[in-house]
Amino acid sequence: MHLKKKKKCACVSLVCFQVVWVLHCSQLGCLPAISIFTMCSLKSQCLRSKSPFCFNPSGAGGWSPSDSDHYQWLQVDFGNRKQISAVATQGRYSSSDWVTQYRMLYSDTGRNWKPYHQDGNIWAFPGNTNSDSVIRHDLQHPVIARYVRIVPLDWNEEGQIGLRIEVYGCSYWADVINFDGHVVLPYRFRNKKMKTLKDVISLKFKTSESEGVIFHGEGQQGDYITLELKKAKLVLNLNLGSNQLGSIYGHTSVMTGSLLDDHHWHSIIIERHGRNINLTLDRHMQHFRTNGEFDYLDLDYEITFGGMPFSGKPSSNSRKNFKGCMESINYNGNNITDLAKRKKLEPSNVVRGNLSFSCVEPHTVPVFFNATSYLEVPGRPSQDLFSVSFLFRTWNPNGLLVFSNFADDLGNVEIDINEGKVSVHINVTQVKKNRIDISSGSGLNDGQWHEVRFLAKENFAVLTIDGDEASAVRTNSPLQVKTGEKYFFGGFPVQMNDSDHSLFQHSFQGCMQFIHVDDQLVDLHAVEQGQLGSFANVTIDMCAIIDRCVPNHCEHGGKCTQTWDSFKCTCDGTGYSGATCHNSIYELSCEAYKHLGRTSNYYWIDPDGSGALGPLKVYCNMTEDKVWTTVYHDLPMQTSVGVQLSVLQLNYSATMDQISAITSSAEYCEQFISYSCKMSRLLNTPEGNPYTWWVGKANEKHYYWGGSGPGIQKCACGIERNCTDPKYYCNCDADYKQWRKDTGMLSYKEHLPVSQVVVGDLDRPGSEAKISVGPVRCQGDRNYWNAASFVTSSSYLHFSTFQGETSADISFYFKTSASDGVFLENLGNTDFIKLELKSATEVSFSFDVGNGPVEIIVRSPNQLNDDQWHRVNAERNVKQASLQVDQLPLEVRKAPTEGHTRLELYSQLYVGAAGGQRGFLGCIRSLRMNGVTLDLEERAKVTPGVKPGCSGHCTSYGMYCANGGKCVEKYNGYSCDCSRTAYDGPFCIKGRCFNARGRVWENYLLEKKHHVIKLSFSFSTTKSPCVLLSKYLRVLFAFLSLGNLQIRYSLGGTKEPYNIDVDHRNMANGQPHTVNITRNGRDIVLQVSSSLFGKVIEIGKIDQDIYKYNTPGFTGCLSRVQFNQIAPLKAALRPTNVSSHVHIQGELVESNCGASPLTIPPMSAATDPWHLDSGKLGFIETHLAFLCKKNKTEWMWLINDCRKCRKCKAGMTEICHQF
């Protein structure tokens, strides 16, 4: 919804200037000779002319002031307001005089100047490089003004200021209404009531007041719309309807803009369609939706402009009316200003007031200070009353406001802003206590105007802020006052003696006005003309304050704070990081967490990365071959329904948009749904209208049930043809008096999630129903593995133009064996953005937003063309640009404080190659730009030289398959095959454990001879003696005797078995211990019948030692048992086709005993069998110890079960998660 565009005016030359005594015109032609040129220095008389002048390359002359300094300007008066669209310059004809940089100011009255802004800064136009070429600049946005002033900032070093100008634009006219704050203008409705679905309200205003109601309308049903100024910001309050019960709350309040009390024109457009609102202030549009459920705005009698009608209500009387000027007021096609001017509308006085049709200008004269400014004005010397007052506004928390020396060396007075407070320091030389300090106010660096009044006389001083006499700060300290000759505002002249200097080092940056010294208003125009006082680097009759936080460049709710020159974003608690809170600190999906080595748990994910959706918490279930993402809701299972047409609402732990982002990128989604019924029909099959339905995404109703599909009014039993009554397609439709049930999975992901279930057919006696809806579960992430292979150096993919004007982020993975190539590129007229592999060890991020090319390079110590996956993250915003490759240090380049900030691109985005450059050879996957994943695979299917997908994931991710697990290549990733290990889980790091109580044993039958024996197991116990493991018929067993671990084996060649005392320390200490036994001999053949764990039960002759130690049985935790490629515990606890070899006596129960807390404190390094120097580390422990050692961090304890970290030292969090 937009306003109808006005006819674009033809751009003509408004005025051309060459020299005052010669007239020439350009081919475009000049307007009639009404323009008045003023050539002036701030310290000299001004010269005026009433003739416009145009460029003439063959002519002579141009403006060149006698003094070339920063106080010169050239001013143009168009006679009335014009719409200015471009400006062009030349130097002085055939000379060395030209301007290389300048600013443009504009004004309606020749006072209260406003600098031209672009890209959030006071714009400095690039000028000429010689005297004759014409440099034209089309304004990014037109300005409307009667006066234009050109201020040279820099010029040719070998010459002086020289200038010829031409200004382009067209005529402008608008009716103006002046509101004095005591009158409102009502527009009364013909039918007394106005009920609208659509509204368009537009107007322009200017004011020097920070508070005031611009327009207001209300209705007796509680609807209202109010637009007002609060603290110089624009606030729109809107209510389309609420109810008395409070279940529908329609009030909506939106704030935009800042510093709107600058007495310059600001434009407003409000476009409403139902609950959708576009609020545009000065070309910055904000879109939002109103609260509540209603779409129509119901107003009664009238809408008033300039304030609220007097109603006697306290709420209406507490708001100030608008004081200032409005023009072009349009309400739903009605020209309010024209109707008022033609006296078709009658103004309404709140008190005695006046409505006029010409804009009344204020009498204020602001003065603008920068970091090197000062303003010196004379006072009334030798008075016994010191008095100073002024208004100031600034963003800086610190700065010198006023400094003055007392006469007769009695001391001095210093007033400054210190950490947002106004402080006064009186240095007294005649008394023992030589300094008096008082302060008042807080947060005064908020950009608003604040009044300071300070008065001092003998033994008394008072400081008042913003006229609040109740909070004025007074002192009665001994004090003698005699005013001096000079008062310095904002800073000091360089030539002042050091003894006169303030102790305060920060000069003031900001604006002041209404400066009074010794009860006299300072004539700043007299100061400007050199008739009074002195100054340096100030601008009089202009306040060039900028709110760098409006619009707010801090994204995702980041808090913006600012100084005069810059802004800062605080991202705490947002879930985002970076200079503008642009980058999500969370991974995109559970799939991404899995490939960081994480295990099943709750995680925060951010499906659209830097997009607007925000992070959400989900449960990630990392199974052996799939990763499931689960989002829960608050509806209990088996919820009873007993009211006719009950609506069950499901409230999820995420928004519908967030869930949609998960389902759209998933490969498969499902949601369990169940309907238990007793005399309550479900879908009323085969041909009736459904009694019950569910509502899915986009609030669509669906009439199929779990186990069925869209367009089929059936339940699962109707699909499988096994319903209780074959005449119906749902069990519940048979309408039995006994409980029946229809259950199944909803798996059409475009319809998920279930947001409501509406249940009917409950109005009959005896009808009952129960509803169960499971969480949404999705597996796979198509975005994460979305890849393309570039097989020739000239192949590329193309996409639509990248939209990243003020904020852009690009991330992707690549792998290649080539040494260089362009990843992607997008071009504008002069702007561009490009990422490339510059060499085998260098990645480059380059761009140009109009300030010249910028290149950031990350250099890797290792080769990047190693055919393994590498991750690239590039970002560019108004604060900085950055580039990171893998985990290498982030390279950052700060943006210039002034200059272009918008990246303007026009060409298509090319991925893989562009512009005849050497293209990329290899794979690119998961390419995301500003949170949007580009579908490389789909585009590659129709592009020669590019293939969808990419193979070879195990080369990069195979290291995560631990404990001998095998990496298995998949089209969209990889998985770990743990079948030949004692471990399982997605990374073969989850050990199988059981807790024995002395009466459990497991027998695993072996079917072949083993020439090589590799045996390993882990245990923890506090009781001995006990048998841990035994093999027959030839003996190989491990047992604990008095806590000492002993290994005994016999190969049959000797009468007595060999005994090995592994360790004389007590291993029955509750700590985890791992044992590895290997036997390898060329001539040895070991015949094994069975292996027993926990307690030996054998028929026949039993070794007496085994019998002795076996009697009590093993009590403790046994885990990770592996004999060569056989994992007996795993086979017993995870039944498979090898489970027939397993025989269990007693109750074998899986346990997490290996993850239990340690029963005694950790052992010292000298006694710790797992210490790095002990040489007794298993594979996982060795690998982990290496990583810890590499990171110069102490190793941490691991609980035996499932390799979960029990204690993690600093910097090892990621390694802990991986193992």
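Backbone N, Cα and C atoms are what each Cβ position is placed from, and that goes for glycine too.
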Per TrEMBL, cysteine bonded by disulfide to C923 (from C950, C954) | C950
Name the range, of those listed as 63-170, 176-359, 364-543, 545-582, that has the largest tally of Cβ pairs under 8 Å with the domain 'Laminin G' (786-950).
-> 545-582
What stretch, picked from 63-170, 176-359, 951-989, has the most CB pairs under 8 A with the domain 'EGF-like' (545-582)?
-> 176-359
Cβ neighbour count (10 Å, all chains) around C923 (disulfide bond) is 22
Run through the domain 'EGF-like' (545-582) and tell me, per DSSP, how many residues are helix, strand and coil.
-> 0 helix, 10 strand, 28 coil
Restricting attention to the domain 'Laminin G' (364-543), give the mean pLDDT.
-> 90
Identify, in sequence order, the residues in the chain of C950 (disulfide bond) that are 6 or more apart from it along the sequence and have a CB within less than 8 Å of its CB; answer 'none' if there are none.
-> A787, A788, S789, K815, C923, R925
Structural state census, the domain 'F5/8 type C' (63-170) (DSSP three-state) = 0 helix, 67 strand, 41 coil
